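Participant: The structure that follows is given in the form of structure tokens.
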Amino acid sequence: MAPPIYSALIISLGLGTTMTFASTHWYLAWMGIEINTLAIIPLMAQNHIPRAIEATTKYFFVQATASATLLFAGISNAFLTGQWDITYTPYTLTSTLITLALAMKIGLAPLHSWMPEVMQGLNLLTGLILSTWQKLAPLYLIYQIQPNNPNIFIALGLLSIIVGGWGGFNQVQLRKILAYSSIAHLGWMILILSFSPPLALLTIIIYILMTFSLFSSFMLTRTTHINSLSTTWAKIPILTVSTPLILLSLGGLPPLTGFMPKWMILQELAKQSLCPLATMAALSSLFSLYFYLRLSYAMTLTMPPNNPAGTLPWRLNPQHNTLPLALTTTSTICLLPMTPAIMSLMPF
């Protein structure tokens, strides 16, 4: 793809999300999401291989369905209330339709089935954009509507945690595993959104940090299959140490950063007298922890024992800037001791 076209598409991605963030009108917010969707489609199809074209087609149809539902719900809400304000959705039917349309856009269960198949057909960079940046605009709208009955958020969140963990079993393609990881982490965020929006914001920020670190590690080693993880030591040996720590942080193991949002979410649910819900969420997260441990095992305990001294001829200098990876990896691993400071800064 020509650099000017690529730059224009990246600018359009930023423009669409910014337009949605700045909107209080349903039509302008919908327009921003559509700009975002249309900008990423050429990026998804740039490889010109059948799997990428199939993934792009699936993504287009799913997003078109969700956008049509969202527009219909927004028009219905404006017809019933007489105003287009995003924050004013007093009717249960329209707020439920809007929530389900946005859940389809970001891939929450049970509207998630497109996400793993689409991720499998993309390269890692486009998959990173789909897993992080493309979630921001719909999540902002979900944050704005806040339906009166939180049960729909609880149901979507808990089901996403279960499906995100269960779906990762027996997967060998890293991009599908990362898709199910995204579904599970978004489930944690939706689960707590009705009770503590600042905690949901903290969860999505930490998720983006961890996901960026993991995708960047895989991009440096050009790894897309679980069997390729054991050769990481021969390409970039330091990633043999850092990547398993990132995976365990995604799984939520202490004393890593990923433990912080899950710990605080479970604490908040207990404060809301929702101990059975907190117990189900914690037990369901063990499914996700299983495949993170499986990936860590594939990277560390299955590598060849004969590591020859000296520089190997195929250990090339990385072509990418590794400073963002170093910064996000440090944040992914070491932020848990700063939990009291973070809690004092955010209005929990």
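Cβ coordinates come from backbone N, Cα and C, glycine included.
Heads up, here are the entries from TrEMBL:
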type: TRANSMEM; residues: 6-28; note: transmembrane segment
type: DOMAIN; residues: 23-287; note: domain 'NADH:quinone oxidoreductase/Mrp antiporter transmembrane'
type: TRANSMEM; residues: 59-79; note: transmembrane segment
type: TRANSMEM; residues: 91-111; note: transmembrane segment
type: TRANSMEM; residues: 123-145; note: transmembrane segment
type: TRANSMEM; residues: 151-170; note: transmembrane segment
type: TRANSMEM; residues: 177-195; note: transmembrane segment
type: TRANSMEM; residues: 201-221; note: transmembrane segment
type: TRANSMEM; residues: 233-253; note: transmembrane segment
type: TRANSMEM; residues: 273-293; note: transmembrane segment
type: DOMAIN; residues: 289-343; note: domain 'NADH dehydrogenase subunit 2 C-terminal'
Participant: On the 0 to 100 scale, where does the mean pLDDT of the domain 'NADH dehydrogenase subunit 2 C-terminal' (289-343) fall?
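Facilitator: Averaged over the domain 'NADH dehydrogenase subunit 2 C-terminal' (289-343), per-residue pLDDT gives 75.
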Participant: With pairs restricted to those 6 or more apart in sequence, evaluate whether the transmembrane segment (273-293) and the transmembrane segment (151-170) have 3+ C-beta pairs under 8 Å.
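Facilitator: Taking Cβ pairs at least 6 residues apart, the transmembrane segment (151-170) and the transmembrane segment (273-293) are in contact, with 3 or more under 8 Å.
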Participant: Honestly, do the transmembrane segment (151-170) and the transmembrane segment (91-111) touch, with at least three Cβ pairs under 8 Å and pairs 6 or more apart in sequence?
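Facilitator: Yes, the transmembrane segment (151-170) contacts the transmembrane segment (91-111).
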Participant: Mind checking which residues of the chain, 6+ beyond the ends of the transmembrane segment (123-145), have their Cβ under 8 Å from one of its Cβ atoms?
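Facilitator: Counting only partners 6 or more residues beyond its ends, the transmembrane segment (123-145) has Cβ contacts under 8 Å with 13, 16-17, 20-21, 29, 32-33, 36, 40, 43-44, 46-47, 52, 86-87, 89, 95, 98-99, 102-103, 105-106, 175, 178-179, 182, 186, 189-190, 193, 197, 200-201, 204, 208, 211-212, 215-216, 218-219, 224.
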Participant: By a Cβ-Cβ criterion of under 8 Å, what residues six or more beyond either terminus of the transmembrane segment (91-111) are in contact with it?
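Facilitator: Sequence-remote neighbours of the transmembrane segment (91-111) are 33, 62-63, 65-67, 69-70, 72-74, 76-77, 80-81, 134-135, 138-139, 141-142, 145, 147-149, 152-153, 156-157, 159-160, 162-164, 179, 182-183, 186-187, 190.
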